[in-house]
Structure formats: structure tokens, C-alpha cells
Amino acid sequence: MQMDNQFPPRKVPNFCSFRYGLSLLLHFCNVIITAQRTCLSLTMVAMVNSTDAHGLANTTTGEHLDHSKNPVYNWNPQIQGFIFSSIFYGALITQIPAGYLSEKYSIKKMIGFAFLLSSLLSLLMPMAAEGGEAFLLACRVAQGAAQGLISIAQHVVWVKWAPPLERGRLTSLSLSGILLGSFIVLLVTGFICQSLGWPMAFYIFGACGCALSLLWFVLFYDDPKDHPYISISEKEYILSSLSQQVSSRTQSLPIKAMIKSLPVWAIALGSFAFHWTNNIMVFYTPTFINSKLRVNIKENGLLSALPSLFAWSFGILAGHLTDFFLSRNILHLVTIRKLFNTLGLLLPPFFSMCLLYWSFSFSSITIFLILASSTGAFCMAGVLINGLDIAPSYYGFLKGITTLIGMIGGLTSSTLCGVILNQDPESAWFKIFFLMAVINVICLLFCLVFGKAEIQDWAKDRQEHTRL
């Protein structure tokens, strides 16, 4: 059954509609969540003692920051590493529970309370840091758990709110807030630390999160048919477009069928490759810039921020192209998913190798670096949304499993890169990028061969099987 031909063309509310407003609200929620998660990586420069563990003066902070506004702590690099990674382990443990709970309980309450908790914890971070690294670690783990719930539950929103021909635009717009958040944090956190003190970064992002979480409780409803503010025409359009795909599921999870499903494994391996590549680019871009370009810290920050801005643009573009191809029957849905998987998994390692062999000037290095770090965003219209195509009734649980596998890939790659850089600095970047290319090609081939975009038999309702 091709989704392309299910629905007759008709005039419906489009950009000035509630569903696009909802996508924009989630977009800004993701901006703030990302800011709360990543601002510590920049505030840490101001938080640690002006002399590092090896006795080297930290001139970037000691000379320019007012210590009355910026309390400092004697945390060695190992403790800093634990603090950085703690939020990811918090998110890791909630992926599958979040997927399961999102199928059982109110998405409005799950996202709203988790977002509020993450924001309150952000407000408490300066106090936790004052209490010692153990309190800060506990806050970061709890914040990671809350954000893990949000990252999975927000995908389930579109099971009932996104018409099939608009899934690309709505999901890419909402998820691209993660990328814009990274760009904004890299730009503004340094200025906040310098002028207001690093605690204000946590207070500002925490306060914005509290305000947005309250707005979420007011504006969002789990089902469009229950929403008091949405127009009748838009409500009818959403419900009619999803009438054949969304139902209230009461049967148990088909765990065995999921494990045996090759399309599920295609999504899992694609997610593994995406997170493997993304974590390398996010965490090690400043290191690469420092080793190759020898720029100062402000220029490094700007160059590190640019890929996030381009990735934000590519992610939104991919979503619009998806819906354009579908609405005009130019490509089948499965072809679109495989096309964007190919772009998102092949282009980053290709441009990474170009960084090593075809970069002869500052401008060429900058261009290839931006492309290598940003083109992975094309996966937003591929593997990152593919679960909604094959199992909308079980999307939350499926997303939790595949994201967990992806996060394992991301944690492995970031750890392994550190080991490679420490052991063999001379040829480290070739090894890192070559390994990335091998993993991406293998996972992409599996996605191309076994990836699907139609609802699987095990994901269909029993009532539908009876009718057939």
C-alpha cells in the first residue's frame, strides 16, 4: 500500500496552522534542552581553577574573567570528563523505558514534567557545583534521564499530529532545534560567562525552560480531536489523513517479531552509524581545528558553531524535499528514505577524508569541515524517522530501542577517538575518519538492502488482520 496515493489532494491549513505551531514549539523546546545539556562544556572553562592538572596557566580564563562572578573549583581533567559524560549515561538508561511509557501514558504530561524537571535542575547546577562534584554529577545524571524521556516522547507526538504527506517537514522542523541549540550555545555562552558570570548561563537556560514547559502544558494536547483551539478544518484533515494508520493499541508489544525484523535492524544500524559519526564531529571538531588551523579560542568557537547552523538548514531542507517528492509522486517513500540515508551516512566521511588530502588553505579546510560536520543532518529525513513508517503503533518503543543502540555507537566512537588521539597523534585523524567511513558504508549497505517504508505485518492491528 503506497502512502503516496492514499489521500486525495485538497485545500487544508498549512504553515499558519496549529500543527506547524506545535512543531515550532518543539523546535524551541529542543533549542533550550540542547542549551541546558551542552552549555557546561563551555562554562567548564570558567569553572575550573586557573591552573590545570599539569600546572599550565589557563590564560583564557584567568586573565579575562571576574572571579567574583565566576567561582572556580579544583577539578582535574578526569573529574571534568565524568561530569561531561554523566548526562549521557542518564539519557542512556531512560531510552527504552521512555519508549514503553510513551505508548501507555500521556505524552503531554511526560514531556511537560520532564522538561520542567530538566529546567529546575539547570537552575540548581551552580548550587550543586558549590556542594561538590558528587552533587553536580547527581544533577547531571538526573537531567540526562529527564532529557532522555523528552527525546523519545517527542517523536510519538507525530503519530497522531502529523499527516503522512507532512511528516518530513514537521519532524525535521522540530528536531532541527537540537542543531540550532548547539549553534546558539557556542555563540552566547562565552559572552554570558564573561559579562555576567558562568552561573547565569544555567539560570538563563533554566528559566527559559521553565517558561516553555508551562507553555507546553497550555498549548499541547495528546490528540488533535481533544484540542479546544485547533480549527475544525485542520482537525478533520489530520484525523482523516491518519484514519487508516492510527489506532488505540491494546495488544502486547511484539518483541520477538521486532527482533526478527530486518527493517528494524536496518534502522538500528543506521542509527548506530549516525550517532557514531555525529559524536565524533560534535566533540572533536574543536580539537581538529586546534591541531590543523592553530586559531585562538574565540575563532575556534565560531568555526565550531558554523557546522551546527548549516546542519540546521540541511535538516529542514531534507524534510521539505521529502514532502515535495511525496506530494508530487516523484519518488516512493522507501526511495526517499534510502536517498537521505545515503546522503547522511556517506557525505560526512567523504568530506572528512577531503579534509586530510584536499585541504590546502584555510578556506578549503573550513568548507570541508563545515560539510563533514553538517551533512549528517540529512538522516533526519531518513533513518531517524523511518520507524514511524514501519510501525506507527509501536513507534515510541521502537524509537527507544534504536536510539539506545545509536547512543552506544556514539559513546563508543567518542571514547575510541580519545584513545586513538592519545596513542598515535601523527596518523590519528586518518584512522578516525577511515574507521568512520568503514562503519558508515557497512551500515548503509544493510539499510539499502533491508530498509522498508511500509507498515510491517507485525505492526498492524489484529482487527486489520481480521478484515484482510
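Cβ coordinates come from backbone N, Cα and C, glycine included.
According to TrEMBL, the transmembrane segment annotation covers 21-48 (among others). Same-chain residues lying 6 or more positions outside the transmembrane segment (21-48) and placing a CB less than 8 Å from one of its CB atoms are 58, 60-61, 65, 70-75, 80, 83-84, 87, 111, 115, 118-119, 122, 125, 129, 140, 143-144, 147, 150, 154, 157, 161, 169-171, 173-178, 180-182, 184-186, 189-190, 193, 197-198, 201-202, 205-206, 208-209, 212, 215-216, 219-220, 301.
What TrEMBL records for 30-455 is domain 'Major facilitator superfamily (MFS) profile'. Across the residues of the domain 'Major facilitator superfamily (MFS) profile' (30-455), the predicted structure has a mean pLDDT of 87.
Taken from TrEMBL, the feature transmembrane segment applies to 79-98 (among others). Distant neighbours of the transmembrane segment (79-98): 37, 40-41, 44, 48, 110, 133, 136-137, 140-149, 151-153, 396-397, 400-401, 403-404, 407-408, 410-411; these residues of the same chain sit at least 6 beyond its ends, with a Cβ under 8 Å from one of its Cβ atoms.
Long-range contacts of the transmembrane segment (170-192) within the same chain: residues 19-20, 23-24, 26-35, 38-39, 42-43, 154-155, 157-158, 161-162, 198, 200-201, 204, 282, 298, 301-302, 304-306, 308-309, 311-312, 315-316, 318-320, 322, 377, 380-381, 384-385, 388, each at least 6 residues beyond the stretch ends and with a Cβ under 8 Å from a Cβ of the stretch. The transmembrane segment feature in TrEMBL is assigned to 170-192 (among others).
Taken from TrEMBL, the feature transmembrane segment applies to 198-221 (among others).
The feature transmembrane segment is assigned by TrEMBL to 262-285 (among others).
The transmembrane segment annotation in TrEMBL covers 305-327 (among others). Within the chain, the transmembrane segment (305-327) has long-range Cβ neighbours (under 8 A, six or more residues past its boundaries) at 3-4, 164-173, 175-176, 179-180, 182-183, 186-187, 281, 285, 333, 336, 340, 366, 369-378, 380-382.
Sequence annotations record features per position, and here TrEMBL assigns transmembrane segment to 339-359 (among others).
Per TrEMBL, the feature transmembrane segment maps to 365-385 (among others).
Annotation comment: TrEMBL describes 397-422 (among others) as transmembrane segment.
What TrEMBL lists as transmembrane segment is 428-450 (among others). Listed by sequence, the residues of this chain that lie at least six past the ends of the transmembrane segment (428-450) yet keep a Cβ under 8 A from its Cβ atoms are 262-263, 265-267, 269-270, 272-273, 276-277, 280, 284, 288, 291, 338, 341-342, 345-346, 348-350, 352-353, 355-356, 383, 409, 413, 416-417, 420-421.
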Quick one: find which recorded stretch in 198-221, 339-359, 365-385, 397-422 has the most Cβ pairs under 8 Å with the transmembrane segment (262-285). 397-422
Beyond a gap of at least 6 residues from its ends, the CB atoms lying under 8 Å from the transmembrane segment (365-385) belong to 155, 167-168, 171-172, 175-176, 179, 266-267, 270-271, 274, 277-278, 281-282, 285, 288-289, 292-293, 303, 306-308, 310-315, 318-319, 321-322, 336-341, 343-345, 347-352, 354-355, 358-359, 447
